[in-house]
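Report on the structure given below.
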DNA sequence: CGATGTGAAGCCATTCACAGCA
DNA sequence: TGCTGTGAATGGCTTCACATCG
C-alpha cells in the first residue's frame, strides 16, 4: 500500500522502480520530473493562462517567477525538466509554454471526476465551477443518504454509494474525490478502487490504505490549521523569549 | 514578501533568520523541527487521539507508523525532534505523546479563525464542525455581499468585509481563511494583515503577497487535480510505452 | 531481549554561477 | 548584451543501522 501525499509530505519519486529500457524519451522525462516541480508547474500554468488572457505574449523567467512566488533559478530548472522552450536573451512565449505544461500535466485529456459524500464540502465541490472549466468535469455524485439520491446538485444527480462501481466504470471516472465523514472514507475508497479509479483526492481525515497502483493526495484542513498554529506558537515563543528569557510556552520553565 | 507554502512546496526553514543567542532550549527546539515533520506530527496526533479514544494506552513506533502511513524510522526521528518520551523495549504512552505533540503544535492555546468569502466553500467551512472541536473556533465570517451581512451562517453572523480590521482586531483572530474569488483575495489578505492576522489559509487560486512576518498556506484544488492528472498521464505513458514502443503521449512520436 | 533514539550515509531538491546562444 | 539552460555546490530530509537502555 502506498502512502498518500499532500501538504508538506514526503516527496520521493518512486525510488524502487527500476529502469529496464535505456531509451523512451518522453516517459523517462515525465518520470524524472520531481514531484515538487510538478506542483509548481501547475501554478506556473495558472499564472501563464492569466497573462495570456491579458494579452501578454512573452515573459522572462524573472517576471514569471515573481508572479508565481518562486525564485527565477528554480523556475528555470522546473521548466528545463519539460524541455528547452525559451529564447535566450528574450524569455518564454506564453502560449507555447502553456501548451507544453498542459501536455506534461496530461491536461490534453479530459479527466472525469466523481465526488463522494454530498455534505457541506461535497456540495461546495459539486458547485465549484473551477473543476469543469479546467478540464475536470464532475461526472458523478454519490451519497449514502437515500433522501439525496436522485436529487440533482449543481445539475448532476446524486447516486447511492452502492452504485459507485457500476456508475464509475460506465462513466470512465479517472479521479475520485472523497468528502465523506472519516468513518466512511476507507469503504468508499475501496469501492472507487474496485471501479478502476487510480487517483483519489481525499478530504477525510484518515490515512487511506490503497494498492500501489493508486495515487492518493490528501487535503486535511485540521492539519493545515495545526501547521499554522505551530507557526503562531513559534513566533510567540521567539517574541516572548527575547524579552522574558528562561521561560517557554505555557509558562513551562526551560532553565529551572 | 514570503512565498506561501502548500502542496509539495518548498520546505525551507527560514534560512535567512540568524541565531543570535546561543541558548534558549525550547524555542531552539521548535525552530529546529523540519516543516515536513510538523505536518506529520499533526497526523500522528490525530491517529493517537483516535487510539486514545479506543482505550489504547501504549503503542510502538512500528504500529503508530503503520497507522499514520509512514515508516517507523521516520516516525521515531519526527518524535525525537520534540523530545524523548518513549520507553525503550516498550513504546510510547499514547496520552503522554498526545500532550507533547499538542504542546509543540501550540494547541494548548485557542486560535480564533475568521472565514472570508461565504460562497459554497465558505459555507462549508463555517458549518464544518471539525474546526471548533479541534481548538480552532470560527469566530467571525465576512462577505462582500450586503444580502449576506447580518444573516447567521452556522450560528455566526456574517459581517461586511469592510469591517475585517475592526472585527478581527477586537476578536483577536489569529488565523484568517480566504475563500473568496481570486480577484478579491489579495485585497482581503491585505485587510487581514492590517488587522494583525499572522497566519492565512488561502483557498483562492492566486499567489498572495504578504510581509515576511505573515505565514501563508495555500490549498488549491485545481493544482491538486492537475498533480493527479500528471500521474494518470505518466501511468498511461508507461503502460502504453511498454506495448507500443516509440510513441508517447497524444501520439507524439518519440523516436521518428 | 526488544524497541527507542540517533549519528552517519544517501538521496532529493534548491540555489549558485556561468557557459552558451539569440 | 541579456537571458536561458544547466553542471556543480549546497542544504534538508529520509533512511539505515546500531548503540543504548528499560
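Backbone N, Cα and C atoms are what each Cβ position is placed from, and that goes for glycine too.
Annotated by TrEMBL as DNA-binding region, the relevant range among A:43-82, A:83-122 is A:43-82. According to its DSSP assignment, residue A:117 (NAD(+) binding site) is coil.
For residue A:118 (NAD(+) binding site), the number of other Cβ atoms no farther than 10 Å from its own Cβ, over all displayed protein chains, is 25. Taking a C-beta cut-off of under 8 angstroms and a sequence separation of 6 or more, residue A:117 (NAD(+) binding site) has the following same-chain neighbours: A:142, A:143, A:178, A:179, A:180, A:181, A:184, A:188, A:204. DSSP labels the residues of the DNA-binding region (A:43-82) in these numbers: 30 helix, 2 strand, 8 coil. Counting neighbouring Cβ atoms within 10 Å of each of the binding-site residues (A:119, A:122), the lowest count belongs to A:119.
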